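J.: Structure incoming, see below.
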Amino acid sequence: MARELDKSRTLLGRWSRQYAWVMRAAAYDREQDRLFLAEQAHARREIACRHAKLAQAVQSKAVARLQALDPRELSPSDLLRYIQVAAEIERRAVGEAPSAAGTAVAPEQGGDVAGLTDEERRARMDQLRRELERRLAEGAQ
């Protein structure tokens, strides 16, 4: 660098100490890092806001579609899946961890109907249908 500036190394060293070039360069680097991190944080906030707005729009479309469904036309597996998903969303909304198996309905609460008689199965489906209707009604309020 001394050759490029046509100055002696001794003179450049003296100026470096006199004007604290090393300390000032380090401070400049730290400031540039701080500005970069602030820009990243701002970008993340903007992305989060965009995603939240998108999620709200999608959610309102899904709620409108759910409200238009006739629960009597749902298959038992559809009904069970809606309840599982709704319960999982509800758990996450209140800060609970997702259920370990990815389902919020225990087998004794409607997951396994293979061992039930036709009458017990119909009774369980009626119970699940009423639960879904109740949750849909609560969601509309």
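From the backbone N, Cα and C atoms, a Cβ is placed for every residue, glycine too.
TrEMBL lists these features:
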REGION    94-128  region 'Disordered'
COMPBIAS  118-128  compositional bias 'Basic and acidic residues'
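Thinking about packing and proximity, how do these listed features fit into the structure?
T.: Same-chain residues lying 6 or more positions outside the compositional bias 'Basic and acidic residues' (118-128) and placing a CB less than 8 Å from one of its CB atoms are 76, 79-80, 83, 110.
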J.: Could you give me the DSSP helix, strand and coil counts for the compositional bias 'Basic and acidic residues' (118-128)?
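T.: Per-class counts: 11 helix, 0 strand, 0 coil.
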